[in-house]
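Record features (TrEMBL):
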- 34-193: domain 'DH' (DOMAIN)
- 176-203: coiled coil (COILED)
- 234-432: domain 'BAR' (DOMAIN)
- 486-549: domain 'SH3' (DOMAIN)
- 585-648: domain 'SH3' (DOMAIN)
Amino acid sequence: MASPHTEEPPTKGTADPDAHIYEEVTLCERMELSQRLAVEELITTEASYVHNLQLCLSDIRAHLQQKQLPDFDLEGLFSNIDDILHLSRQFLRGLEATAAQEHDQLLGTLFQEFKEEMETVYKIYCASYEHALLLVPAAETTSSLSMVLQRITKYPLLLGKILENTPAGTSTHQALAAAVSAMAQANANINEYKRQREVATKYNKAEHLTLRDRLARLNTHSIAKKTTRLSRLLMHEAGFVSKTEDKEYDNLEEKFQSVASSVAGLKENVASYMAHLEAFLVPAPHKRELQMEEGPAQQYHRLAEHLHRAVFPEFKRRLDRLVWQPLCSLSEMLVGPQQLVKKRLDKLLDYEEIQERKSELGSVTYDEEAAMNTYLAINALLVAELPRFNQVAVQLLGQVLGSLCVLHQDLAAEVLHEAEKELKQLPHGHMPLPAFWRLVEDTLQQAGAQLRTFTQAFETVTPGPVTQPLTPAEERKVLSLVSKHGPDKLYQVTSNVSGSKDLDLTLQRGQIVALLQRVDTKGNTSRWLVDAGGPRGFVPAAKLQPYSPVQSQQPGMQTPTLENPALPVPSPLVSSSQQGLPHLLHLPQVVAGFSFAARSPQEVSLQAGQPVVVLEPHDKKGSTEWSLVEVNGQRGYVPSSYLVTVPVQEPMGWSLPV
């Protein structure tokens, strides 16, 4: 008989009230275990990743460095992998410290703290990855390079796995969710930057195409596209359509163009400076053959020879290494951004045209959408990169200018140091400064008197300047210049001119040109724009003087030539009515200073140097621009400016100094 207190086993179908508690505990334990395993996987794979990076640098890169392959871009192959290794080591230490504290909330915070730095270093690496693949010498290197690319994409997956096993609603879950979002955004930003760099790489190369190559590229599509851009640009300038304003970009571009202009100007000046320095250092054997007595002249000769042989060549080498080469590198750096800035304007015109079409039709084609994205990518890249580029370019330009100043200071100090050695041996080396300046003044006066005496003696024994008449071709050229520009615009070249820049002319001494403008395109008044009877270009203003025909000479008269430009030029036309009778014997002869071809029956032709008789110094309307003359029995009008007066009765001839 069973006891009344005996418990009967639960019947089938009766639920255990504590079963769900056991299930929840088991589920939490499984989630905690999975979470711990996911964290361990993250730390283990990160440690393995850091170890592989170290092997890549210590083994593969070191092996390639030892090979010393010619023309191999080792830095381009490994890019900024050193920065990635340094950042990954710091991140691994942070992961290990977080795991030791067993606080998963700190894990999400750690990823958010490292997000910006990771995005920065991986952007650079991923953007140069395609270029690096072209340089890889072996398959092992390819796997090492792709390892870096794969790691940044795994962070959102590993964090997502940890997040799946974290209870919802907790602070740890919120921190991990924020970390997953941050790393996903970092990957998206890296991909966008990589796309922008690919677009930039496509357009920032300066192409040097021949005319044949450019014509070969023309087709219906390219002509239509360029025509649309040109019409859009003209409408911008005319104000028919509004421009897309971007003040941030406009300010950046203005600063960039200013830097580019400064670099180009400095490079041009340094190149000219080095060319003159090179010419200065050319050996001059005739100077070394001078025989001098021992004394101040010999001491100065030794000093000049030492400077010419040792000091100045060393200065030139340092100038080339510290100024010229960095300046050329900086100039090459500007080419890519300059091309990108130009291409942005083209793409902006396309973008505005497509936007206008989109607002009218409501949709665009796939190609038009791609063109819009191309403009947005170029614009975003320039806005992001130009501030840093401008800053670096200005720093480099400042360093180049600083080096140039220091080099000249060193040169001055070296020359002074060498000169002091010789000055101590001169008689006036310890002379007081006022007495020294009096000595210099007296010496200069004596030297000037000796020079004047020598000049006077030289002039008495040297023959006068020989003149050579103009050839018919030269006379026709001068006539053409006079007809185009007038006689008051004619100038003569005083010495040979060798053009060294673009648009510079190469002219011979004595050549006749017509002045067009007394300033060049940069506002420089020392370079004038002239017409040489065909080609037009710039010449130094110092090598030009106003042209006037050289008169034949009578005894006791001096002829104004290039060698004696200070002599007076023949006076303008003076009519006989303005001369008094007492001066009748000294009445100047009127001749044709320039050839003139009659263009109507009322005009008469002249030859340069031909005597004429002025009948009336004006036309029928009283205008003094034309004069009525008689030549060889024919009467007619000629331009008054073509007539000159000379105090001789002999005919004049056009001539040039030999």
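Including glycine, each Cβ sits where the backbone N, Cα and C put it.
TrEMBL annotations: computationally assigned, not manually curated.
With a cut-off of 8 Å between Cβ atoms, the residues of this chain six or more beyond the coiled coil (176-203) that come close are 104-105, 107-112, 115, 118-119, 122-123, 126-127, 129-130, 152-153, 155-156, 159-160, 162-163, 166, 336, 339-340, 343, 374, 377-378, 380-381. Computed over the domain 'SH3' (585-648), the whole-number mean pLDDT of the model equals 81. When DSSP labels each residue, the domain 'SH3' (486-549) comes out as 6 helix, 26 strand, 32 coil, counted as helix, strand and coil in that order.
Helix, strand and coil residue tallies for the domain 'SH3' (585-648), in that order: 5 helix, 28 strand, 31 coil [DSSP].
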